[in-house]
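What follows is a single structure, written as structure tokens, with notes after it.
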Amino acid sequence: MALPPGPAALRHTLLLLPALLSSGWGELEPQIDGQTWAERALRENERHAFTCRVAGGPGTPRLAWYLDGQLQEASTSRLLSVGGEAFSGGTSTFTVTAHRAQHELNCSLQDPRSGRSANASVILNVQFKPEIAQVGAKYQEAQGPGLLVVLFALVRANPPANVTWIDQDGPVTVNTSDFLVLDAQNYPWLTNHTVQLQLRSLAHNLSVVATNDVGVTSASLPAPGLLATRVEVPLLGIVVAAGLALGTLVGFSTLVACLVCRKEKKTKGPSRHPSLISSDSNNLKLNNVRLPRENMSLPSNLQLNDLTPDSRAVKPADRQMAQNNSRPELLDPEPGGLLTSQGFIRLPVLGYIYRVSSVSSDEIWL
């Protein structure tokens, strides 16, 4: 016959009874803020303390915190033990500073006796105000009056932002179907907002405003900067075309002037003056040219050898003219006569060259 339990054993059983009834004796289920799985929205840089609770059971379990799979150190931890083989319950607290890169917080409980483990999880939804990563526009000619403008803005926000395009006349009404949304799995919180407009007048500036529950962000889009790609290319083409046209005109004018000069030279013909050909000794020589009368000047660098013609080539008419124009006392019909003895050299047909003394030099030729 079994004896009734003593006072000490009865007191021990009464202490374990609430834990055994709530957990089902051996079923260890941790909870974070009273829930096994939950989602919590936090603002960026917000601090929040999470508490993990576990009911009593046999043995003494171990509690640990994991943030995105990384083991964390608990802020406070307390387990209530009842005897050596059971505990009545425990709590553990962990404080999180929210960042947008954080996603999940886990409280893990492990039973050392059975090796079983249980987890409680909280999904972190970190919210932040919109960030405009990039904004731009592309212009093209429209079929009607004005310009066809494609505006785009890359906005990063959580929760997703409402984007409004504003010009100098106020907000631009845009159909949401014109928005192109990128794949959120590959680009978290990044949305491409694109809208196509037709401007009938050039706005001073364009701006985009992104708003959500956390905050508001705006960015301006100056019109002169946007129209640079549309204006610079035609202007450059005009400058290049003007330069080419000017160069062509100058070249054509030069060619016409050269042709006119050549035509005039051919029309006038050769010069009436005798041509002088320069010799190797830099002296001018007469080439088959009849010398002028004796009272005309000769070139200063002319030598006597250049003016001595062949006596056989002298015509009788020229000889008679020279005798009529010469003084009788200076005639020298025979070589080596009076003129030769007086220092004169007779040049038949062509006249005489006189050599006299000079004050500035030894002699001068006339």
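For all residues, glycine too, the Cβ spot is worked out from N, Cα and C.
Quick look at what Swiss-Prot lists:
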- 1-26: signal peptide (SIGNAL)
- 27-232: topological domain 'Extracellular' (TOPO_DOM)
- 30-123: domain 'Ig-like' (DOMAIN)
- Asn106: N-linked glycosylation site (CARBOHYD)
- Asn162: N-linked glycosylation site (CARBOHYD)
- Asn175: N-linked glycosylation site (CARBOHYD)
- Asn192: N-linked glycosylation site (CARBOHYD)
- Asn205: N-linked glycosylation site (CARBOHYD)
- 233-253: transmembrane segment (TRANSMEM)
- 254-366: topological domain 'Cytoplasmic' (TOPO_DOM)
- 299-308: compositional bias 'Polar residues' (COMPBIAS)
- 299-335: region 'Disordered' (REGION)
Arithmetic mean of per-residue pLDDT over the topological domain 'Extracellular' (27-232): 76
Counts by DSSP class (helix H/G/I, strand E/B, coil) across the domain 'Ig-like' (30-123): 0 helix, 64 strand, 30 coil
For Asn162 (N-linked glycosylation site): DSSP state (helix, strand, coil): strand
